[in-house]
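Trainee: So that we are looking at the same thing, I have put the structure below in structure tokens.
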Amino acid sequence: MLYFAYGSNMATARLRQRIPSAHRIGVARLDGYRLAFQVASTKDGSGKCDACPATASDQLFGVLFRIDPAAKTILDHYEGVGIEYRDTWLTVEPEQGNQVKALIYLGINIDRNLRPYPWYREHVLRGAIENQLPEDYIASIRAVPTMDDPDPERATRELSIYLN
């Protein structure tokens, strides 16, 4: 099954930590949506990525992965389906090839006043850089304001996946 990652799961190390068999297909985009850090995490109280409906000229970039259908339950768990996100299928435009339907998670627990923690924004930024998304798109992620994480050890734990 095809999965369109547009947030922290764009980073291959992050997604493969969760689903080791995930296979990267390539960059894709979702027209008419934009990236927003507005999903209220029930796990840590910060803002997580959302594919936010926007104008027809807006584009949300992400990465298309092939995952085993049985792994969807694992993703559902990490994405907090029914609490933070809902799963659906949308048509995305791969960099190479024709439009395809892909699994995507859309936010349902929205708080537009929240900000991400620096380490979460770093996951998203690393995925964008790794996959060579457009420079202006990377710059817009880098410019997202963050808030302090009350758990000073969490950043070290989260970002340790990039040390291997």
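Yeah, the Cβs are placed from backbone N, Cα and C, and that goes for glycine too.
Bear in mind that the values here come from a model prediction, so they are computed numbers and not experimental data.
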Trainee: Since TrEMBL lists TYR3, PHE4, ALA5, TYR6, GLY7, SER8 for substrate, which candidate among TYR117, TYR120, TYR137 does it give for that site as well?
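Mentor: Substrate site check in TrEMBL: besides TYR3, PHE4, ALA5, TYR6, GLY7, SER8, the record includes TYR120 out of TYR117, TYR120, TYR137.
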Trainee: Look up TYR3 (substrate binding site) in the DSSP assignment and reduce it to helix, strand or coil.
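Mentor: In three-state terms, TYR3 (substrate binding site) counts as strand.
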Trainee: What does the structure give for the C-alpha distance between GLY7 (substrate binding site) and GLU79 (active site, proton acceptor)? Integer Å is fine.
Mentor: 11
Trainee: Under a criterion of Cβ-Cβ distance under 8 Å and sequence separation of at least 6, what residues of the same chain contact GLU79 (active site, proton acceptor)?
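Mentor: TYR85, ASP87, TYR105 - these are the non-local Cβ neighbours of GLU79 (active site, proton acceptor), listed in sequence order.
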